[in-house]
Amino acid sequence: MSTESLRIVWIYPDLLSTYGDRGNMLILARRAQQRGMPVEVLEVRSDQRLPATADIYLIGGGEDGPQALGAQRLRADGGLHRAVAQGSVVFGVCAGYQLLGTSFFAKGVQCAGLELLDLSSDRGPSRAVGELAGDVDPRLGVPALTGFENHGGRTHLGPGVSPLARVTAGVGNDGATEGAWRGKLLGTYSHGPALARNPALADLLLRWATGAHQLPPLDDTWAERLRAERRTAVAAARA
Amino acid sequence: MPLRAKVASSVSRTAAALSRAAGRGDGSVIGGWIGLKIDPDLLAHLSAGRAIALVSGTNGKTTTTRLTTAAVGVLGRVATNSFGANMPTGHTSALAKAGSTPYAVLEVDEHYLAQVLEATEPHVVALLNLSRDQLDRAKEVAMMAQLWRAALVNHPDVRVIANADDPMVVWAATPPADPARGIRPPHVTWFSAGQRWHDDSWVCPECGHTIQRSGDQWWCSGCPLRRPQPQWAVEDDGVLDPTGAWHKVMLQLPGKVNLGNAATALAVAAEFGVRPVDAVSRLGAVTSVAGRYAQVERDGRNIRLLLAKNPASWLEAFDMADVAPTLLSINARDPDGLDTSWLFDVDFAPLRGRQVLITGDRAYDLAVRLEVNGVPFQHVRAFGEAVRAVPPGRLEVIANYTAFQDIRAELDRVN
């Protein structure tokens, strides 16, 4: 964690913010503030330089054009690579998850990713739209993932990353695994405000950023009710 | 009208009446659906001989259609799909039901604009705005703008009334001329109605560079796309027309957004030869639109219904609502879109300091959102519980589509 406050950067909200992606920034900031951490949030637009000294970087979802443009600008900027080399946390969602890999498809063209995660994405036979659920890698100590997905991509994981979760409902990467992580980098197809339904995942990112082994618990009554309701809905849809 | 079309039109009217009599809705979709099964060209047949205006966009379609119908009504009878049934089945049903009228004003779902342009050969099309809406099944914004643009290229003679404040609409309304292929852009009259929501137009649809904004103005940093000079504009509590004359608009509908809708209605009506000075008083006679803005007295509470379906319309609803106890209701059924992510695109901070109640199928999504937003709230299971939880006086109800219809049903299908 940088010396004075927890710095959270939301990367390119002008390009990559399609499904309430702002939620992840708001949730991280609030959960940090509730633990008494001073927080600084920074929205960096695609015509601005990306600071390399933040603690957490968020990349959201977007349409094909903005995704390709975002990847191009991030490669040219270099700030995110420097930040990762210094141990910053990166959380990528949907298009933002794909572009952390080596390559992805946008408008039918293969585009170079940031090569921060050992994975590549191509087009699936159909669009994956609906509830997404999965059992999270036990090493992360996070309960089941719940979210909503809406993407046409399929993602293939290389040996350099681990799946975030085993899919129990929906498609995720390929119908079997969902998302990926390595070190302090994590990506998911659970789009938009993924952390709203997964407060423990938000806390995982905060622990990575601060080095804290544990954080004081918060009152997550409403989030827990939401999670239970979604779990029931997914089970009912399957029955 | 060919015999097949006549039969189809008559059957369509009967089905709509049956649907209403059976209490299964207002009949505006089922009648058209049956009619189109009998004669797929029915909409084109029913449109022939009428001067038609289409109204499309993400938000404000139903209200603007209602206001435009009132304005064009200066000239004579106007057919319209006043119940928000805005796909070809709804248009067919509305025109069949209206019988022969010299004019028609039709609200069109933005996805169907190309198809309805083709079928109805309208005189005017009004393009209101494009923003994110039900992205789990709807087209993303840039794709929608591209579809509109492609559709307009095929109709160079239609008069376009378009929103100068929305970069996506401006781009859609101005396809480049291509003399080699005989393509000329349509004639566009621009209106300015102000726009609170900017988050879907930071990236230029033409060149991908950043759209810059300053005050009312916007321009692309990478290409010539910029805000055109509007001929119609909202100013104070009235509308400026292209001659520079200002008309006071006294609406019963709340909010600045409805003044913008009024400006659009006057601009569309002007294309039919209606003078704003003749139309403006008719706009003030519109009280509510398919339940939107309706006010109902119940147990000493004055309940007002506001429909808000997507981030842009929530921002407008907060502007319209009084500082009073407010019930928010959210569903995520098929007509609403199944994805509630957009709740995080709305800043609920304007509700701080008001008594806020939440309900609906997806109240918990809203609860998590409001908690992060620092807006205290109370969860209620049913509409009646909300009414009892607030003191006598105004209760503002802001709900998305099916949640709105549920509450409207509790209030006896108020119009």
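For all residues, glycine too, the Cβ spot is worked out from N, Cα and C.
What you see is a predicted model, and the numbers here were worked out from it, not measured in a lab.
The active site, nucleophile annotation in TrEMBL covers A:CYS94. In sequence order, A:THR18, A:TYR19, A:GLY60, A:GLY61, A:GLY62, A:GLU149, A:ASN150, A:HIS151, A:THR188, A:TYR189, A:HIS191, A:GLY192 constitute the residues six or more apart from A:CYS94 (active site, nucleophile) in its chain with CB-CB distances below 8 Å.
Per TrEMBL, the feature active site maps to A:HIS191. Around A:HIS191 (active site), a 10 Å sphere centred on its CB holds 27 further CB atoms from the protein chains shown.
Under a cutoff of 8 A between CB atoms, and with a sequence separation of 6+ in the same chain, the neighbours of A:ARG127 (substrate binding site) are A:ASN150, A:HIS151, A:GLY152. What TrEMBL lists as substrate binding site is A:ARG127.
As annotated by TrEMBL, domain 'CobB/CobQ-like glutamine amidotransferase' applies to A:7-198.
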Per DSSP, A:ARG127 (substrate binding site) is which: helix, strand or coil?
strand
Among the recorded positions A:CYS94, A:ARG127, A:HIS191, say which ones reach under 8 Å of chain B by Cβ distance, listed as they appear in sequence.
A:HIS191
Going by DSSP, is A:CYS94 (active site, nucleophile) sitting in a helix, a strand, or coil?
coil
